[in-house]
Amino acid sequence: MSTAKLVKTKPSELLYTRNDVEEHVKVATIKRLNQMVIQFIDLSLITKQAHWNMRGANFVAVHEMLDGFRTALTDHLDTFAERAVQLGGVALGTAQVINDKTPLKSYPTNIHSVQEHLKALAERYAIVANDIRKAITEVEDENSADMFTAASRDLDKFLWFIESNIE
């Protein structure tokens, strides 16, 4: 005969995982991770839009620079999405979710000069860079904070590179 007690627990909105981070920390962290997934997906698509459609002085240098940014953004968003799942959540990365939840302004499709694209990109990179710095201090999960810190370093560098090319 078992001496184990039955303990009633409240239903969880999370998927089962043996990860022992407290549930309330997981829930808040997953929410913030998904906010970053959304912003990084949108920023990566915006970056590619500019990459494809710019013309003018410094085209080759900026075109190639943006390719590197896109690769790094995709790597970071993949890390965020996987961390959300590791904590028992669901990564939210569909076009519908991105369109509905992004804080970024719609990217203009009627601009063509390198300078116009750089200005539009700088505005959007700054929004994400500033928000991820807030996320670093908001999350209680240290691993996620470390991921945000790594991404923040890249975003600050990318914003600096973009702004340094604006005439």
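Cβ atoms are placed via backbone N, Cα and C, with glycine included.
Taken from Swiss-Prot, the feature Fe cation binding site applies to HIS51, ASP78, GLU82. Counting only same-chain residues at least 6 apart in sequence, those with a Cβ under 8 Å from the Cβ of HIS51 (Fe cation binding site) are HIS63, LEU66, ASP67, ARG70.
Over all protein chains present, the Cβ of ASP78 (Fe cation binding site) has 14 other Cβ atoms lying within 10 Å.
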